[in-house]
Structure formats: structure tokens, C-alpha cells
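Engineer: Here it is, the structure in full.
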Amino acid sequence: MANRPAASALAGARSPSERQEPREPEVAPPGGDHVFCRKVSGVMVLSSDPPGPAAYRISDSSFVQCGSNCSMIIDGDVARGHLRDLEGATSTGAFVAISNVAAGGDGRTAVVALGGTSGPSATTSVGTQTSGEFLHGNPRTPEPQGPQAVPPPPPPPFPWGHECCARRDARGGAEKDVGAAESWSDGPSSDSETEDSDSSDEDTGSGSETLSRSSSIWAAGATDDDDSDSDSRSDDSVQPDVVVRRRWSDGPAPVAFPKPRRPGDSPGNPGLGAGTGPGSATDPRASADSDSAAHAAAPQADVAPVLDSQPTVGTDPGYPVPLELTPENAEAVARFLGDAVDREPALMLEYFCRCAREESKRVPPRTFGSAPRLTEDDFGLLNYALAEMRRLCLDLPPVPPNAYTPYHLREYATRLVNGFKPLVRRSARLYRILGILVHLRIRTREASFEEWMRSKEVDLDFGLTERLREHEAQLMILAQALNPYDCLIHSTPNTLVERGLQSALKYEEFYLKRFGGHYMESVFQMYTRIAGFLACRATRGMRHIALGRQGSWWEMFKFFFHRLYDHQIVPSTPAMLNLGTRNYYTSSCYLVNPQATTNQATLRAITGNVSAILARNGGIGLCMQAFNDASPGTASIMPALKVLDSLVAAHNKQSTRPTGACVYLEPWHSDVRAVLRMKGVLAGEEAQRCDNIFSALWMPDLFFKRLIRHLDGEKNVTWSLFDRDTSMSLADFHGEEFEKLYEHLEAMGFGETIPIQDLAYAIVRSAATTGSPFIMFKDAVNRHYIYDTQGAAIAGSNLCTEIVHPSSKRSSGVCNLGSVNLARCVSRRTFDFGMLRDAVQACVLMVNIMIDSTLQPTPQCARGHDNLRSMGIGMQGLHTACLKMGLDLESAEFRDLNTHIAEVMLLAAMKTSNALCVRGARPFSHFKRSMYRAGRFHWERFSNASPRYEGEWEMLRQSMMKHGLRNSQFIALMPTAASAQISDVSEGFAPLFTNLFSKVTRDGETLRPNTLLLKELERTFGGKRLLDAMDGLEAKQWSVAQALPCLDPAHPLRRFKTAFDYDQELLIDLCADRAPYVDHSQSMTLYVTEKADGTLPASTLVRLLVHAYKRGLKTGMYYCKVRKATNSGVFAGDDNIVCTSCAL
């Protein structure tokens, strides 16, 4: 609509004959009147209408429907005088039409009478906040409104008006709005308005300009139909405001606040003249209460000297002090605002923002050497967070006057996070906002780029430092482009600050380096370190693959940076911590097989090879099969394992990144029963207890063949245990060769024979009680390896059971990891396979750079690493992607998507590895020995494999046979427990463990809700039904299936199942569907639930393990997690050890 005049309250409403036709809405100029309210307490209508600003109180604001501490717009002005409630609509008096335009709400109109008004009525439209927007007022160009009405009687004093009203300049100037930085004045549109303006000028002695205060993020241009004020009783007459985005600090929206009474003869304020108008000192109608309120609003006497002491700094007429952040100025403004900050917690932020803006005009552009300082954008980001929290009706503490310093701003953010953290269990919005506050807290500990690059604790690579200096200007521009506040203002995607509280805390507590005593590298600096190093070490062939040409360092930097910062690709934890530094240890997984046969040799291997790996925080899979010299009544391996247990505990005690070790044995080892009893309550005596290490069984097919015979009803099925003297060759063979040798030893009467069900029960009991042993299938691993291992069979895996490598006394298996975030590939419920291919390609290039540049802790590790160049590209967020697409893991659509994703990942990874060889890189050392040399693929050994990209596979086959592959193995599906937290997605390929993750530590409770579920609940329920639904979920451990059993099977909420709600055989089948395209293995956890009586039948786990064996998996069980029958949580084994190496 065209700009309409501000309707003078003294000018009555136009008659129906004078109404004009509605006009098209248009953006109004900045400015406008505000209404502030506090929950359902009184509402103050503030007018900037000449001849003098005045405030009018609406005593009952229940009809406003505006929530807590909202900022609303008045499209026009209101009549001078007192507004009081009107029970019924009448045709006399002034009206205030208040429109509720919140999302989903219908417009509502409240009619309020203007006391003592004798002229026609006038209306004022008040628009509340729209969903997702925070509104600032916009003024209207004055327009003649008819004859002036007789001034109304003076209003009675309003209790809180003095606290948010305008303040008079400390030197006696005109009264200004709090926080105003610019003046605004509408030219008179009629003689009567001109006279009023002149009269106002005489009263105040400083002109008729009015200034505004605002503390919200968004600006709005209010629109109204020209005839909307003709009938305030009609809902249809109230039109929503048109929202115009602008930065909250770009300038105020004009608002005139009521003049406080100022003592004209006060010795403490010698230059202050007496105010005029209702409630002023010269107004004989002012009451004693009004006088007291006005006096309380006056600045203190010590404000003026502050002004005089800083003559070179610009002074904002809305504040009694210069726009310079000093303790004296901040305290003066705090006294100036008084108790108003209790109603408007962010009131101090506008002063901080104005000061920061003034400072930015004086400082040069940011460089590497620029000292970190809080900027206008930082205060704006905090203000955005506070405004969002106020929309949630939270009672916020006021921003302290010293919060302009990094330390006190950090303390204030911490107070908010700790205070409201428990509420994130029911609010996805609050979960996101608290994450923003943690990122702001990180910002307060940021150092300059120069300090960061020179830090000994960070210890940047020399070559990287030189490259960063060469591109200083570009990096500063990129840093500003990724400013979170700018991204919020311009609706630019910034997934970093959108990921939520857990993501931000994980960055702060774990991934960001500390240096210089109290500094912390920023998230931008961390990803600059990683991407910059990758760009430095990228070869010419890699640049051609990534960019399609020979690009520059800066182009390669951006290629990696954006995919890392956006979490399309995620490095492993050691890579994220060490890439770009001179600590070049980035490998995650180590497979060690010392083949020691004596106690002394085993101890040397543990204290030498194993200890060196632990010192570099590597996760270890240790094969102990060869050490098997038990004598009757003793366990040969347990003393050595006790040494290993103590060694792991010692390394983890002072480490910020704990690691672990897993001991692999075959089930015929003479000490297998002792190992199954070495953890937790199963440990018979302290000398046998090993709570800091894990165990895993390397199961041959023969064991399950016999177990199935027992389950089918066959009697007296046995299993034999052998010691070293009779079993030296068993570990070297697999398949039929192993079975022949094993049965031959039995036939000769060697070994100890036990019922097979006894050992099966011991395995299941240990798994259900301690979470381990892990179970891997020896024959499946060796059967699908890239070359024949008969006679030197692979004897173990890594700590998390997803890496497949041969290892021996001379060579240890080593793998470098990375993962792709599948949830980032979903857009509008569609999976983008093009983005997936791009992410896998980038991940393969990243891991190859890691392989080229990493150091190894031992010669054995270096030998195995260089010979095979093995990588493990994993996935995270599979379940999150499924939910974002509106699918269920049980659906046929997802079963197809699951296989499709796995095939694309392997295809893209192998094509990239082959492209490196095409561009001149040498194939891995054992390529000619591998099945790839003959043109065979991993998936071709699976009868259920049906690739959909047969043409691409055939082209790759020909190129692979001609040029080779740079890497020996590609896809390994690890848990991604740590990195999934900073991505804020589900771990690996597993379903969500729970819809509300809760962990209590000495630092408090950590909560991570399923935000997709919370949003779906809000779409489904409302009001009390929503609260009831969440109460039910709380009572049922956030299991939708148990809390809301009455939902229709097709209801969208039915999709939000936890891992325990799914049939575990289905999860095994999903792993089997992916298996042809996973050339390493999958860390498959089983989730089982106790029966109502608190028991867990052994047959439950046995049945699942047999099913995994029959489906041909390599990993039968990583963890076994048990949901207790009572509401006491989930037992997942001993969590004193957290693998952050292989688990990413």
C-alpha cells in the first residue's frame, strides 16, 4: 500500500463516505511505533505523534495473544490520553485494533476506548510477531486526517512507563528514546500538525524529532488498508504486516516515549530543564507517584563527567554517554536504563552494538594480526538468540553491563546454556539456540590468526603457514562470508550453527585446540588448518580429478573447505585433530599380530609395539591366538592381558582422547572361558579382572555348523579346546582346510571336549552382561579378501570390528578413515546421488593425502600401511536421511535405497582410486597379487548382488585392469560415534539409539533430542495434547511405539522408532543387503530388550548370531546393548573406554 499518514489521535476516524479504496502494500520507510508487553501484564502504546510524544496503557493485555516480551508494530498513531478497556464495541472513542498474525493464528481484534474523547474514533493496528520473524516498527508518512479533537484528560500514572520511556540528554537536551542513534521526523501535512509540532518544540526546546529503541532482529514495514480504521470490530479489517528484513542495528524504528518528570532545579542536574506534557514536572495534573517514577528514571549525577571526559568519541543522543565501551560508560548506561532491563533482557545489547559499530569505523580491515574483538555481529547473534528464547516464553536474566568483554559475555552465555539445557528435551528450537550460544562462547576465546599460526601448542605445518600468509585477504573474506549472524540475516545456509547444542559442545570440549593459556582455535581456523593442509599436499592428479583442470592452491582449498565445513565429508578423529600440524599421525586403526608364543615374547610385544601405538592414540586389534601354553588349572594368557589392561588405563588416564585395545581369540583357544569372564561382575578375582580392554571371538564356520545341529535337536554336540602343542596350524587355515585339520585333531583325541551349548551360553552371558565379546566370522573375512589367504589366514580385526587386513610379525595392518554424511544428501525428501558421488570422491582424495603424509609409530605399521594403502570410507546419518525422506527402515523403498547407497559409494571410491592411477599414481604394492588384476570385484562373490550400474562397472573393470588401483580396500562402515555428534545425525548406519540421548557426567547432564521427532510432534499435536504426548514419551523412554500405540500404522510418527523397536533380524538383513559393496566390514551392534520379568533368554542372542552367520556377514556382533525391563536406562557394557579412533 502507499504510505499512509500517521493517524493523529486528536483527528477522528473518517466516516464511511471518506474511506478510500485499499492500495497495494509496499515497504514502508524505517520507523514506527512499538508496543511492549510482558506476558499478560499491561501493554503500553507509545506514540510519536506531534505535538508531543505520549504513552497510553492498555490495562488488560490478555487479548493481545503475543507471548512473552514481544515487540509489536503500530500502523499509525493513537490518540493522546488514557486508553482503558471497553467491554463492548461502541461507535465513540478511539479504537486500537490488535492483530495476532502468528503462524496458524487467526487475526483477532480488541476494542479499547479512549477516555474522554469527544471526536470521532481512530484506529491503530498492532501486529504481533510473525512465525520466525522479529519485527521492528516502520513509520507512516503523515496525511491530513480531519479536524483535531479536543485534548483528552491526562492519564493516571502508569506503573512501569518510566522504566522504558525516553531519557533526557544529560546536558539538558531533548528527551530521546533509549538506544537511538539517528533522528527521524515527518514533515507536517497540515496546518494543525504544524502547530502541534511547533508547540512540541517549544515545550521540549529541542525540536520535534523522535527516536526509537528496538531489540529485535528483523525489521518490518507495516501495511494497512486505507479503510482499515473504519471498523475495528471486524477481524477482516486487520491486515498482517509485511515483513522487511534488515539488521537489528541498522538503525532504529522511530518511537517516542513518554517524557519522565525531571526536576528542573535539581543541584545534581544543573543543566536539565523541566519537561512538559502529561506527567512532567510542570504539569499540575501529575501525581506524586508519577513524580517518583520520573525521578527514578533520571540519569545519575556522575553521568555528565563521563561525557566531558571523552570529547573525541561520538555521542549518541539516546544515551547519556559516548559510544565507547568502557566500564564507566557501561555502568552509566545500566543506571540510565534502570529496571527496564528486567523486562527487556537484551536492552544493553543495543548500546554494545552501537559502540561496536562506531569502533568498526575507526579500526582498519581485519587481517591475520588483528586482535580478536567482539563485533556488532557478535552482539547481534546474542540478541537473535535471546529473541528466540523470549518467543519460547523463557524468563531470561538481563544482559549484564560488563558483557561487552569476552570473559563476561562467555559467562553470560554459559549461564543461559546451563540454565536452559534441561529444556531441550522438548524443544528443537531451544536445542539449536543453545548451540548458537556455545558457538558464541567459543568466539570469545578466539585468538588472531597470527597468534594461532605461531602457537607452539597448535604447531602448524610450515608449508601450510606460508600458503595461508599468501592468501590472507581471501581467507579474511571467506571468514566474513561465513559469519553466522550474516547468514541468519540473509537466510544463507550455515549448517554449522544450525546443528544444535551437542554439536557445539563437541567442538568446544574435544576438537578445537587450546593454546596460549586460555585461547581456543575457532571452528573456521580448525577447518582452515585441515583444508589448507590437504590443498598443500594434493598432487597434480588429485587437482585434475577434483577441479577438472590444474587448479590453484586456493581453488583446491575451497574444494576441501566447503565440503568439510558443511559436513558433507568428515575426517576421522585423529585426522581432525592432527591434519595441518606437525603431528603427522592420522591413521585410526591398527591390527597387530605379534605371533608370540611365550610369556616373555608377548610382554615384549605389548610393551613395545602395542605401547607405541597407544601413545599415538591409535585403536588396536591384538591377535593373541599364538600365545596358548596353558598348563592344567591355570590360564596362560591372563597375566599378559592384565599387563595390557594396566597399560591402556595408564595411557587413557591423562589423555583427552581415550583409546582402547581388543584381544582376538578363536573359540578353540584353551583360555577362551577365562577371557569371557575377565570383565565386570563376571571376573572371579581381581587378578583376573581386565575392565579396560575388550575381547572378540574369531569364529570359524565349523562352530556355527555344530551349534545349528544342536539347536535342531541333535544330542551330544561337542566342541574341543586346544593348546599350543596341538593347534599351531589351526589359526593359519580357514574354510574346508580348517575343518579337516580341526576334526583330525579331535579324532586323534587331542584337546578338551565340552558341550557346545556350554560355550555358546558363556558367550551370550558375557555379551549380555558386559557388552562383549565382539563376534566376527573368520571364514567370511578370508573368503572375500582381495587375495587368497589360505595358509596365512587373516587372524583378527581392529578395535571396532570393521577393518579387514592381514597382519603378521613383520607387518601390521593400518587403515585411514573418513566418512560421508548421508543426511546432507537429502533435499526435499529426495536423495541426491550426485552429491553422494561428489562427497565420496572428495573423501577418497582426502584419505589418500592422509596416507601419503602420515607417520607410523612402528616399522611393522609402516610396512603394512605402505604395502596396501588401505582406506575405510564410512557413512553416517543413514537413519537421519531415512527420516528426512519420510521413510521407515522397514519399508521396501528404504531397502532399495540402502543397497543403492552402498553400491554408489563403492563405485565412486574405486573410480576415484583408479583415476589417480590413470593420472600417473602407482597402484598399491600388492595389486598384481589381488583379484583386481584379473578384473574381479568384491560384490561378484555374493549371490544376492544385483548392481544397477553395470555399464559403469564394466568400464571400471577395463580401466582397472589396465591402470590399476591406488588403494587396496575402500568401504568400511564404522560407528562414527564422535563425529556424528558434531554433524548432529545418527551414528553410522545404525538406527537412532534413542529419541532422547541423556548422559549424566560430573559436568552435568548432556541431552541430545531427536529434533526431527520434536518437529513432527509439533505438527501433529497442539496445546495440551502436545504436552501429554511428550509426557507419555518421557515415561516410555521416548519410544513412540510404546508411548503412542494408538497411532495409525501409516502415521508419520510411526517412523520414529529406536534401534530397540526394530526387529534385529531386519537390521541384520539390511547389513547383508549392503555387504556385497562393503569390502571391509560393518560394526553391527545388536539391540535387545529384556523381558518384563527382567530376564533375557540366551536363545534371543543365539538366534540373532546364527541369523547373521547364515546371511554371510563378516561381523556378527560389535556391541550387544540391552534395554532394561525397568525404566533404568540401557546397559551397553563398560563405557569407561570410548574408542574415538575407529569410531571417528
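Here the Cβ of each residue, glycine as well, is placed from N, Cα and C on the backbone.
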Engineer: In Swiss-Prot, C589 sits in a disulfide bond; tell me which of C355, C800, C815 is on the other end.
Structural biologist: C815
Engineer: S588, C589, G619, N798, L799, C800, T801, E802, P975, T976, A977, A978, S979 show up in Swiss-Prot as binding substrate; which entry in T573, T602, T994, T1006 does that record put in the same site?
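Structural biologist: Candidate listed by Swiss-Prot for the same site: T573.
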Engineer: Return only the integer: C-alpha distance in Å from Y1119 (site 'Important for electron transfer') to E802 (active site, proton acceptor).
Structural biologist: 12
Engineer: Which of these recorded sites has the least crowded Cβ, counting other Cβ atoms within 10 Å: Y1118, Y1119?
Structural biologist: Y1119
Engineer: Using C-alpha atoms, which one of the recorded positions N798, E802, Y1118 comes nearest to C589 (disulfide bond)?
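Structural biologist: Out of the listed candidates, the nearest Cα belongs to N798.
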Engineer: Where the distance is taken from Cα to Cα, which of the recorded positions N798, E802, C815 turns out closest to Y1118 (site 'Important for electron transfer')?
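Structural biologist: Comparing Cα positions, the closest of these recorded positions turns out to be E802.
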Engineer: Does DSSP put C589 (disulfide bond) in a helix, in a strand, or in coil?
Structural biologist: strand
Engineer: List the Cα distance (Å, whole number) between N798 (active site, proton acceptor) and C815 (disulfide bond).
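Structural biologist: Computed Cα spacing between N798 (active site, proton acceptor) and C815 (disulfide bond) is 9 Å.
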Engineer: Expressed to the nearest Å, what is the distance separating C815 (disulfide bond) and E802 (active site, proton acceptor) at their Cα atoms?
Structural biologist: 10
Engineer: Check the recorded positions C589, N798, E802, C815 for other C-beta atoms within 10 angstroms of each C-beta and report the one with the most.
Structural biologist: N798
